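Per TrEMBL, the features are:
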type   : residues : note
DOMAIN : 332-406  : domain 'Serine/threonine-protein kinase BSK1-like TPR repeats'
REPEAT : 88-120   : repeat 'ANK'
REPEAT : 121-153  : repeat 'ANK'
REPEAT : 153-185  : repeat 'ANK'
REPEAT : 186-218  : repeat 'ANK'
REPEAT : 218-250  : repeat 'ANK'
REPEAT : 334-367  : repeat 'TPR'
Amino acid sequence: MAADASAALAVRDKVQQFLNAAVTGNLDLLKNLAGQLDEGKDLAKTVADIKDANKRGALHFAAREGKTEVCKYLLEELKLDVDTKDEDGETALIHAARQGHTETAKYLLDSGANPGIASELGATALHHSAGLGDIELLRYLISKGADVNSQSDAGSPLIWAAGHGQQDAVKVLLEHNANPNAENDDNITPLLSSVAAGSLPCLELLIQAGAKVNISAGGASPLHIAADIGSPEILQLLLKGGGDPNITDEDGLKPIQVAAGRGNRSAVEILFPLTSKVESIPKWTVDDILEYMQSETSRQQEAVGNFKELNVSKDCALPKKDLPEVSPEAKKKAAEAKSRGTDAFKRKDYQTAIDAYTQAIDLDPTDATLFSNRSLCWMCLGQAEHALADGKTSRELKPEWGKAWYREGAALRLLEACTHLPTYSNIIFLRKKNNLHEILFFDEAANSFYEGVRRDPENKALVDAFRFVFESSSDPSSLVSWFTCSGFQVLTACPFTEKRLKLDGNFMALINRNHSLPDAWDACIQRRPVSRRRTGYYAGLRSFPLLSS
């Protein structure tokens, strides 16, 4: 039995080395390991069957890393299927396109890759090349028959290009008859995407191509979004293109009211002479509109802050009676498995670490640190949804632990690193501003709108950030630095935390009273569990590096 286990571990180690060889482009090592794993049977079938937990094989990994020579060996010598899909429905071509490996993607196309194959979320190689602004690959895909109007969960390639401010890609797609008014399931169009991304050049191209200006998504028109962002140039271009300054959103607010609520004076001044008087605002001057709407916004933020603190306190704790009894023997075995997981993590062998932590969790499902550590490993493998689930479980098991909230925030940040966050974040932020459900939905990162990204676990920036989280002390006082004068400035300068802090009225008021006094904030964190939780949450959001902003 022990011999069988040892043999299985040896094979697994070779499989991991084989896939790593595809990642690094070490063709000689890959061939050698393939021969060892095959043992003279059917080499092509053996190689085709070697996959990771996400059903990604050597071809997927080689394409993702731009290792064209490995792709050539797999396709030309072993005759592997160029269009084989992984668990997410992604082919090697999609992996290459998403990472911007133009030459590898072109080789795959020349080898017969189907440019029309879409992932489970509907994204094709064309969507990714459009979002990246890879014009060479974009043109090549179109020449190979890619559909410029193919739809994904996040919209057409034109929406992707506009949402990332890729004006050259927008121009190429429009030249090939991409529909400037194509909508996704949430009524988002390329024009809305360009406004949310703050891209004046893309907006100009789309208006010239006939894009409709007076449309809305989630009740917000392009003018509402521009007013919220506060871009005078975009606002003026929309008005010049026929934008209606009196159009209202789902809350009955006109663009001028949105601009005033955000304190965007220049936008208010542009809209003021074009907007009909709003009867609910007593005095109709620029100053009075700003004063009235900011007062209304502060009142709403305070209501949201009260609701969220109540909701967190009420929902996060798991009753002791729901926790199973764990024997001392089980706890001891769980600790041993945890130690193996920690060792594997330090070696950057994240899958082995996950397996070890899973064994530990099976033995002791009451230990929040096990879920926290496994969440970190999932993040290193780019599995944001799994990371978030474990982060939440850790937080539910130990709601007073700052690092549990830190971990959940970091997982949310990974979700927000998904394709098209610049497009959707501003739109979702505007939806039903008075509706607590919508605000909390935004606070959960609206992950159903985004296609998950896969991150390279060898990326130094990611590894350094994760190591910082992993090694951070669980002592609540270790979070104090985030809310000193300098730490608070870092948080408010980050768009992800800045927006959430503005919605968290009570917590913002607490910070404003204490952030310049470290001793006072230290005492506040030690005394108030909810402050400790919120601090950990925001620190996690801020610390996870967004690589594709």
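Cβ atoms are placed via backbone N, Cα and C, with glycine included.
For the repeat 'ANK' (88-120), the list of distant contacts is 54, 59-60, 62-68, 71-72, 75-76, 82, 126, 128-129, 132, 134, 136-137, 140-141, 144-147, 150, 152, 451-453: same-chain residues at least six beyond its ends, Cβ to Cβ under 8 Å. In terms of DSSP helix, strand and coil, the repeat 'ANK' (88-120) has 16 helix, 0 strand, 17 coil.
DSSP states for the domain 'Serine/threonine-protein kinase BSK1-like TPR repeats' (332-406), grouped as helix (H, G, I), strand (E, B) and coil, give 61 helix, 0 strand, 14 coil. Broken down with DSSP, the repeat 'ANK' (121-153) shows 17 helix, 1 strand, 15 coil.
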